[in-house]
Amino acid sequence: MSRSAHPAGPRHADVLPEGHYTAPPTDLNELDPRVWSRTVARDADGAATVGGIPVTRLAEEFGTPAYFLDEDDFRARCRAWHDAFGGEADVFYAGKAFLSRAVVRWLYEEGLNLDVCSGGELATALAAGMPAERIALHGNNKSEAEIERAVREGVGRIVLDSFQEIVRVAHIAEKLGKRQRVQIRVTVGVEAHTHEFIATAHEDQKFGIALADGQAAEAVRRVLKLDSLELAGIHSHIGSQIFDMAGFEVSARRVVGLLAEIRDEHGTELPEIDLGGGLGIAYTSEDDPREPHEIAKSLSDIVTRECAAAGLAVPRISVEPGRAIVGPTAFTLYEVGTVKELSGLRTYVSVDGGMSDNIRTALYDAEYTVALVSRTSTAGPMLSRVVGKHCESGDIVVRDAFLPADLATGDLLAVPATGAYCRSMASNYNHALRPPVVAVKDGEARVIMRRETEEDLLRLDVG
Ligand SMILES: *Cc1c(COP(=O)(O)O)cnc(C)c1O
């Protein structure tokens, strides 16, 4: 596996093997509901619609490239997570997947909490009116200013990531005359990606405090000695785009093991454990993610069993899905500029965006699908690579896809499942203007994050 492919958990760490697509899909016009958001369909003219609006109209009104976010789908996913975990657990949406003030309000209305991992994300959450006690602050190197703002505002928890940070947060809380609720992030020695996980003693990564060698137990000792910190629980986040629950099982067992050690040494049972996020979504029709209620049952069974074995009361569980909530809710709409056939190889289809609006393909070899959405076609399949307009040969949006052979300039293509880690990781490379995010619901479309302008670019350039 290539190193660069690890962190966001692509389906395949390496490039797709030659001939991966042995056969094109039977129907190039089909929009597989496993991959597209809930309200996506085709109308009588063959154009794809979302929230009842044809993409042709959306392109006219909002331009391309643009992200279209299905608000009903987003809210339905929030509710599914919230209801699945019921009153017994807390769901924290991981804001880094995609955050805007509108999204924060939806989360608030649907009863979810919010994870932030920077001052900017915290500012957005607060600006949209998320109550501070429903916010958790993460990060492996939070600045003093970030910590101070969080403590001052009264965030529900700060997740401590290092020995230095224990002292730093304690000091700031003391200075402000506050007692801050905290969790300690531990690394449990589980690296989980997609269908596999690796259980080791140590994890070679920058986050958290190792459970191995008694490091985490030492962190607990130090936190318990500090009056300005209230230790609420232990936190573990094992990876991304995970389908297999076995990694969570090992993680929960090790975290519960630590809770038992803490009880034995300090005579106190910590009330919370957080098992992190990382639940996978369908980027292609081959992916088969679990539903929130299955995940909730599975996590709750694991924790209940491990606690029974250790003779502990079951702590309050929290989870932090980001991708699993917002990922499937949006697609990116592009216009085809050029179609270049390399005979005997494939056809390169250039669209009006690229690695500036979706870096995941270049960064992680992530797999996406793509469809012609401005019309249907009866033409045969053409093996294609959808590329952007940036000055980089690695500027690939979809590495291998079958598109109709009559594809032409001006056609609209859409890439589904781009709600997570696309706009939030978007860049201005080549001075690209970052695309807008348009929320669509019940026949109405509204910009929740506008397109950047050349003025925006020049405003930062002080000359
Ligand atoms: C990134 C992250 C998440 C969310 O991951 P997803 O794959 O989007 O579910 C949750 N918790 C922590 C601590 C993270 O860093």
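The backbone N, Cα and C atoms fix where each Cβ goes, and this holds for glycine too.
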TrEMBL has Glu320, Pro321, Gly322, Arg323, Tyr421 binding pyridoxal 5'-phosphate. Which one of Gly267, Gly278, Gly380, Gly463 is in the same site? Gly278
Whole-number Å only: compute the distance from the Cα of Lys96 (N6-(pyridoxal phosphate)lysine) to the Cα of Pro321 (pyridoxal 5'-phosphate binding site). 10
Comparing the binding-site residues Glu320, Glu392, which residue's C-beta has the most other C-beta atoms within 10 angstroms in this structure? Glu320
Among Arg360, Tyr364, Glu392, which are recorded as binding-site residues, the nearest neighbour of Gly322 (pyridoxal 5'-phosphate binding site) by Cα: Arg360
Using the alpha carbons only, what distance in Å do you get between Tyr364 (substrate binding site) and Tyr421 (pyridoxal 5'-phosphate binding site) once rounded? 12
For the recorded pyridoxal 5'-phosphate site, whose residues are Gly278, Glu320, Pro321, Gly322, Arg323, Tyr421, find every other residue on that chain with a C-beta no more than 8 angstroms from the centre of their C-beta atoms, and list them by sequence position. Ala94, Ala97, Ser240, Gly277, Leu279, Ala324, Ile325, Gly327, Ala420
Mind checking how the domain 'Orn/DAP/Arg decarboxylase 2 C-terminal' (332-419) divides into helix, strand and coil residues in DSSP? 5 helix, 40 strand, 43 coil
